[in-house]
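Chemist: Next up is a structure, given as structure tokens.
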């Protein structure tokens, strides 16, 4: 099996889903069933900015409620297939933490955006439009794929995995011009992608190095954009980087020996991040090879290797 392909072919790709992903899939299916049987439940579970206070729990529940049949199918399929790739590498605890943080902070950002749009336009639709769905977390998952196996190639589309988040964002923007409810989905995709990147760039703790984040140049914000635009994006991204995480990043860099006199040390984290991606790709290749030989799912040894090597 080629090491330059993401999971996408063979019967083994339809098995070996983790228990956590299966459980979350049940939650997504259950949330859809609830709002179909009891339509009034949308008022309590979806994110409706005018009702978020006092119903603050909808900042969490909104991400697990799909109101449409296509939405629930896309969310479940995306969760199972992408989770099958990411969870063995990150670990179940980190995988669940990523989902919770990205879902919650995406909802907070969407809430603030909706309130801001209301005050700018005075249109009440921004206050009472029910916003829900797992697309924010799915967008964050794509950022995780970009980080772990950026140079893996999709067998069907013949594109590298590092462009998946950018393509998803572009499609969301294009679709927004042809739908009337784009305000209910586009901000979620945008913020899901950005929060996912923020989490992996600055917050995710590496068990093998006891450090946080991935400061490598290959995972910088400008890598989401085509090469000609990066000289324009980099200065802007640097400003936001210093505003949001500058002090923490600088102190972390000093404590870990990230730079010395402006020069990157041989043991710096970018090199470790590159090695981690290499181990991730190697572990993925070994796991997929094992799946092609053993049915229905991964062996315990392969799972252990994928967890330890990445």
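Any Cβ shown, glycine's included, is placed from N, Cα and C.
Note: TrEMBL annotation is automatic and uncurated.
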Chemist: Looking at the candidate ranges 191-250, 251-310, report the one that TrEMBL labels region 'Disordered'.
Modeler: 251-310
Chemist: Between the stretches 20-48, 98-120, 161-178, 184-202, which wins on the count of C-beta pairs under 8 angstroms to the transmembrane segment (68-86)?
Modeler: 20-48
Chemist: Six or more residues beyond either end and a Cβ under 8 Å away: which residues meet both conditions relative to the transmembrane segment (184-202)?
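Modeler: Sequence-distant neighbours of the transmembrane segment (184-202): 98, 101-102, 105-106, 109-110, 113-114, 129-131, 133, 135-144, 147, 165, 168-169, 172-173, 175-176, 212-215, 219, 221, 224, 244-245, 248-249.
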Chemist: In the same chain, who gets a Cβ under 8 Å from the transmembrane segment (98-120) while lying at least 6 residues past its ends?
Modeler: 24, 47, 49, 52, 58-60, 62-64, 90, 126-127, 129, 131, 136-137, 140, 144, 183, 187-188, 191-192, 195-196, 199, 203-204
